[in-house]
Amino acid sequence: MFQTLYSYFWWERLWLPANLTWADLEDRDGRVYAKASDLYITLPLAFLFLVVRHLFETYVATPLAGLLNVKEKVRLKATPNAVLEKFYAATSKHPKQADVEMLSKKSGCTVRQVERWFRRRRNQDRPSLLKKFREASWRFTFYLIAFIAGMAVIVDKPWFYDLREVWKGYPIQSMLPSQYWYYMIELSFYWSLLFSIASDVKRKDFKEQIIHHVATIILISFSWFANYIRAGTLIMALHDSSDYLLESAKMFNYAGWRNTCNNIFIVFAAVFIITRLVILPFWIMHCTVFYPLDLYPAFFGYYFFNFMMVVLQSLHIFWAYLIIRMAQKFITGKVVEDERSDREETDNSEEEEEVAKNGPLSNGHPVLNNNHRKTD
């Protein structure tokens, strides 16, 4: 049974153009070709990335946060209440009005007190500013290094300047050591992002992020199997070109450097729109959709690869919409925020009156400073 499924999965007609077999991609005469078994190394490398990330966030990002004066916003803690805590953990973090009234009777609190308790309790579960800064620092560092390394891998290649060279001689195109390591590192990193997504800061586009990571892993893996390596390196470098700008803007936002954050965001938005909405669809996808048909009839791998490209492009359009919304806020003079963020909730009424009289409070006691910030 397993052998039959294995044979169907690796059927040449799924992966390669007509009249070609896996034997045509066997190493010979000093020429080395991509093999599926090469990707086994990406899983242990992904766990190594998680270890390196932990060390980086502990010994590099945390001290850097201190140097940039990244400070937490004062959060009022919810008073311990067994009835409300049980409902919060087992039923809902956002009770409906009928639930609030029911909990008010059970807990002996007023309706307003129950509402305030849930606001404070939700705020307690929100990730800290330091956690966000550490994550952004790690991704910034990787994306910047990956972009520089990617450009070093492809900038001297003829297909970087002439996209028709991407398919010259396909699929009999030998693999270079630089291409091998570029692929292994990029794929390992995206595996690590998928493994850590449950513990990372959860944003409103959580589902889209999962789709993006899965689609990216599938696309990178498939392009390796089918020897679409030249196109794959171009696509990976194109994506890395704007990601490090976004992460650096987040870092400065968490540090309170508003003007620097806004200026970097403008550059990021321009690079994102040019690379993801212009170059990718009108140059790269044009290259992967039309140029191969000059060499061989369309086959399953051709359709599958371009389908995954369409999935990624759809996500780019979704994120471009969020970026444009942020740009509109910037133009109108509002602080630029990440539209994907789960915003901090604030208490009102009695608390506001108490703050006005006594200054900021922390668990019912005045504090010496109050660093109110809109965070990512």
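A Cβ is built for glycine as well, from the same backbone N, Cα and C atoms used for every other residue.
If you take every residue in the DNA-binding region (69-129) and average the pLDDT, you get 82. As annotated by TrEMBL, DNA-binding region applies to 69-129.
Annotation comment: TrEMBL describes 344-354 as compositional bias 'Acidic residues'.
Annotation comment: TrEMBL describes 67-128 as domain 'Homeobox'.
Annotated domain 'TLC' per TrEMBL: 131-332, in sequence order.
Summarising the annotation, TrEMBL assigns region 'Disordered' to 337-376.
What TrEMBL records for 39-56 (among others) is transmembrane segment.
The transmembrane segment annotation in TrEMBL covers 140-160 (among others).
The annotation transmembrane segment is assigned in TrEMBL to 210-229 (among others).
The transmembrane segment annotation in TrEMBL covers 264-284 (among others). Long-range contacts of the transmembrane segment (264-284) within the same chain: residues 163, 231, 234-235, 238-239, 241-242, 245-246, 248-249, 252, 309, 313, 316-317, 319-320, 323-324, 326-327, 330, 336, each at least 6 residues beyond the stretch ends and with a Cβ under 8 Å from a Cβ of the stretch.
Residues or ranges marked as transmembrane segment in TrEMBL: 304-324 (among others).
DSSP states for the DNA-binding region (69-129), grouped as helix (H, G, I), strand (E, B) and coil, give 36 helix, 0 strand, 25 coil.
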